[in-house]
Amino acid sequence: MSDKTLRATTIRCTAAAAALLLAATACGGRGADGAATSAEGACKGQQTTGITAKSIKLGGIYPLSGPTSAYGQIPKGVKAYFDYVNAEKGGVNGRRIDFTVRDDGYQPPKSVEEARRLVEEQHVFALFQTLGTPTSAAVMQYANQQKVPQVFVSSGASKWGADPVKHPWTIGWQPSYSSEGRVYAQYLKKDKPQAKVAILYQNDDFGKDLRSGFTDEIKGSGVTVVAEQSYEVTDPSIDPQMRLLAGSKADVLLDITTPKFGTQALAADANNTGWNPVHIINNVASSATVLKPVGFDRVQNIVSAAFLKDPSDPQWGGDAEMRLYKDKLGKYAPGLDSSNAFYSLGWASASAMDKALGALKCPTREGLMEAVRDLKDVHSDLLLPGIAMNTTPQDGYPLETLQLQRFKGERWNLFGEAIDTRKAG
Amino acid sequence: MAGFVQQVIEGLGTGAIYAGLALALVLIYRFTGIVNFAQGELAMFSTFIAWQFVHAGVPFWAALALTLAISFAGGMLIERVLIRPVEGAPELTLVIVTLGLFLLVNAAAGWIWSFLIKDFPSPFPGGALRAGGVALGYSTLGVLGVVAAVMGLLYLLFRYTRIGLAMRAVASNPESARLSGIGVSRMLALGWGLAALVGAVSGVLVAPVLFLEPNMMGGVLIYAFAAATLGGFDSPVGAVAGGLIVGVAETLAGAYVHAIGSDLKVGVPLAVIIIVLLFRPQGLFGHAAVERA
Amino acid sequence: MSSTPLSLKSSPASGGLARHWRWAALALLTAAACAAPFQLAPFRVFQLTMVLVYAMALLGLNLLVGHAGQISLGHGCFFALGSYAAAIMMDRWDVPYLLTLPAAMAVTFVLGFALGVPTLRLRGLYLALVTMTIAIFLVPLLKRFGSLTGGSMGLTLAHPEPPAWTGLARDQWLYLLALAIAAACGLVAWSLLRSRVGRALHALRDNESAAEVMGVRLARYKTLAFAWSAMFAGAAGAVNTWVIAFVSPDSFTVNLSIMLLAGIVVGGLGSTAGPLLGGAFVMFVPTFSQGLNEAAPNVVFGVLIIAVMYLAPTGLAGLAGRAGRFAAHIQRKK
């Protein structure tokens with residue numbers, strides 16, 4: 001190789017890079033600080049960045065690319081809801097909602113970058129829904145340092161509500177994984193007090209939280225865990241794990257999986273005619289899109305817990321909220337299959353955000369956190385009957401009630417009372 | 001004992017899945033001398049095409065035939081459009097191009113068909129052969145049979161046809177092959193086409209078990225690499241034997257070696273690849289390469 | 001890998017004039033790099049910091065792939081190990097953050113050396129396979145030792161605060177730190193390559209057997225190339241931990257290794273500017289792809305990688321060089 005030429009090349013590159021950097025420097029300017037604004041009057045001194053009398057800017061971060069991009073469908077439901085509210089209701093209290101979606105590919109460093117882009121460049125009022133546990137955890141510290149609301153995190157880890165003093169700007173939404181685990185434990189203690197349980201779980205925070213919620217709750221009862229297997233999301237199949245669990249002859253299978261592996265586990269259970277445990281599948285993998293590929297006739301009598309109405313369930317056909325969702329999704333996001341639970345989840349959480357924004361006493365970031373920490377029996381769209389959002393300044397978990405359900409025919413049948421894990425905990 | 005035999009049978013079933021993709025990897029390696037990181041994704045894409053046909057009401061076997069034809073043509077097209085411009089470039093360039101293809105095909109499938117899980121019909125009947133407390137599923141048997149048939153056909157192709165001879169000449173030394181009148185570019189295109197076709201077969205075989213979605217083959221690829229390495233990257237018989245050995249080893253390790261545990265199972269292909277490459281780089285069935293300076 | 005990735009023709013533009021320009025260009029770049037944090041918005045400063053972090057990691061990969069001719073699809077592992085080493089020291093033992101840098105570099109150097117030994121016998125595609133498998137294996141391994149690594153939840157850390165006497169904002173301080181460390185790493189890599197070591201590595205890349213015949217101690221230099229490249233990745237990892245203040249297994253999937261390899265090849269293998277251009281590619285192009293196609297950003301990203309391979313087989317650095325030569329050619333004609 002010619003060293004001289006290499007050097008010449010390097011010089012040109014260096015010069016070009018320097019010129020670019022200088023150009024960027026010259027026209028960049030330190031604009032960010034100029035956009036921070038604060039309120040006057042009763043809410044004096046509070047932050048009003050991203051909110052005016054006419055508009056609210058929100059930002060969400062989801063994996064639109066990479067192996068978890070199935071969740072990238074959720075923001076489409078959110079967008080449809082806000083489009084509907086903007087077009088037909090004139091926004092929330094006259095404020096149109098401007099919702100920006102960014103992709104982090106489920107990589108935490110990327111989530112931080114996108115959060116900073118939304119906050120510092122697009123000047124959003126709040127981060128609404130960052131999806132996933134590690135990604136949201138990476139953003140949490142930044143949001144709390146910058147005093148930017150990180151509202152209704154889309155993950156069931158318990159850390160979002162665990163410490164309102166240390167992380168006052170972050171709050172989750174859905175029932176935590178560990179409370180879901182407790183619900184299944186309570187069900188078994190009552191219905192099958194001597195149950196021998198085999199557990200299949202995803203080897204991450206989600207699987208471990210749900211599992212430990214369950215095992216904590218069965219302590220001292222006749223319900224015992226006789227076998228456990230974990231899997232990695234990079235595994236091609238969970239069939240080997242299922243065979244090992246079948247060897248335990250347990251009479252209950254607690255299936256803590258994400259959709260793809262949920263489908264595989266259900267199929268493996270159905271194929272194994274020699275082992276017929278009560279199959280409890282966690283909420284994350286309970287939608288019809290997971291069950292259908294296995295065949296409805298092969299998943300009869302499985303048990304799960306829910307907090308939202310399932311859009312593929314015919315029993316909500318006449319339900320006003322469900323009809324509104326299906327109508328408006330068809331209108332504002334044409335071409336989407338409204339029976340997909342990702343869209344209804346997005347719709348439901350957007351509706352919860354609508355309620356929180358509607359309850360603002362001060363139209364400020366501080367006001368939003370006050371509102372989401374002071375929800376009293378607030379019902380938002382698509383929540384199951386008997387389930388409502390409740391928070392206090394000390395209690396940072398909006399939803400803690402779940403409803404058990406059993407699959408019969410082609411749909412889930414709710415059974416028993418809605419279980420409030422707050423009371424039973 | 002029956003339990004052990006059952007584990008071995010299950011391992012063979014899993015291994016057959018790895019063997020299918022490993023065959024495609026071996027094929028492209030034999031023809032072109034490269035390792036195609038996008039092979040699994042191409043197989044997944046082909047399976048989606050088959051799903052689309054079945055979904056539109058085309059009978060299964062007709063859909064399969066159409067898919068294989070499209071895959072073959074698609075593979076040749078990819079070679080012509082994507083690979084031809086960098087033909088003869090260093091290995092690294094080809095690695096990067098196939099990695100780019102990997103990302104591209106995966107994202108494109110998600111874009112077209114979404115990331116929701118789809119069921120794919122199995123060509124084989126349910127049920128199982130039972131004897132002495134051991135069950136052998138018809139579908140496992142079917143997958144093993146198809147993989148064995150593909151392996152046999154490839155063996156014949158490599159061994160007894162003029163294409164096989166030409167192909168070996170191209171892979172070992174493209175320049176002298178060109179001089180002796182072999183259409184090198186045509187052979188390369190043929191290699192890509194055939195590999196895509198075999199990949200499509202493997203995709204259609206695994207889809208009923210793993211369920212169809214864009215990341216279906218991501219986890220299989222690493223095991224297929226291990227299988228191909230173990231068998232020797234240039235031998236179809238080796239790829240199948242390697243796949244079966246990896247499948248059985250993985251299943252038995254999960255069942256009887258508790259220190260490994262299910263979470264570290266992916267260590268099995270890693271160990272296989274490293275041990276083989278260190279102690280017998282040509283694999284069990286491969287031919288040692290002679291290096292000329 | 002017997003052919004040289006950079007096949008440059010000798011250009012008449014180099015020589016005494018070039019030497020002159022070289023210092024001017026370098027001075028200009030230094031000035032711009034130092035001025036940037038005081039002129040740009042904090043978010044942009046953060047982005048440039050991350051470009052420097054990736055550039056440091058690519059500096060190591062450039063040494064290994066560009067100069068020693070070894071393909072690694074597991075470079076993200078060392079980046080992860082550096083990140084985790086720094087994070088664990090800061091989280092568990094309250095080590096002052098600046099001390100975590102040499103420690104992370106030492107750890108990754110040793111581990112790189114250890115990995116370099118068994119991979120001695122591998123080359124080309126086989127090495128790519130092995131390193132890729134290691135990158136996949138790393139994620140469950142990090143989860144297994146949860147008491148140290150925080151498991152799948154990862155570790156959340158406090159951002160390092162700038163010393164009060166500097167009067168700098170945190171982003172500015174971290175940027176300047178990253179700049180200083182990257183410059184130091186660049187200098188180390190540069191002097192390495194100008195020494196006996198660099199010549200040995202080039203000989204290895206161009207023809208292994210011949211190099212051995214000429215008396216290059218193959219094993220030693222190959223292992224050292226691995227160790228050094230790991231060390232630079234480790235340094236990048238430590239700075240990454242300071243800047244992001246969070247580590248988790250999901251931050252370091254095999255995807256990171258693929259991105260890094262693509263980054264250095266796109267940036268320009270074996271060239272001095274390659275790591276910097278590659279760092280910018282890794283940092284900015286995914287965002288750019290999302291801008292073009294929100295539904296499937298990776299379609300655009302994949303196409304871009306392939307396109308660069310066609311249009312600029314020597315990477316962006318080579319492209320810039322070609323453009324420069326072309327301009328010089330036009331000028332001479334006038």
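Cβ coordinates come from backbone N, Cα and C, glycine included.
So that you can see what the record holds, here are the features copied from TrEMBL:
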- C:45-65: transmembrane segment (TRANSMEM)
- C:72-90: transmembrane segment (TRANSMEM)
- C:96-117: transmembrane segment (TRANSMEM)
- C:124-142: transmembrane segment (TRANSMEM)
- C:173-193: transmembrane segment (TRANSMEM)
- C:224-246: transmembrane segment (TRANSMEM)
- C:258-283: transmembrane segment (TRANSMEM)
- C:295-312: transmembrane segment (TRANSMEM)
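Here the transmembrane segment (C:124-142) does not lie next to the transmembrane segment (C:258-283) in space: the count of CB pairs under 8 Å, restricted to residues six or more apart, is fewer than 3. Listed by sequence, the residues of this chain that lie at least six past the ends of the transmembrane segment (C:224-246) yet keep a Cβ under 8 A from its Cβ atoms are 46, 49-50, 52-57, 59-61, 63-64, 67-68, 70, 72, 75, 78-87, 90, 97, 100-101, 104-105, 107-113, 115-116, 119, 154-160, 174, 177-178, 181, 185, 189, 192, 197, 201. Beyond its flanks by at least six residues, the transmembrane segment (C:173-193) meets 33-34, 36-37, 45-46, 48-49, 52-53, 55-56, 59-60, 62-63, 67, 101, 160-163, 166, 201, 228, 232, 235, 239, 242-243, 272, 275 of its own chain at Cβ-Cβ distances under 8 Å. Of the ranges C:45-65, C:96-117, C:258-283, the one with the most Cβ pairs under 8 Å to the transmembrane segment (C:295-312) is C:258-283. When each of C:45-65, C:72-90, C:96-117 is checked for Cβ pairs under 8 Å to the transmembrane segment (C:258-283), C:45-65 comes out on top.
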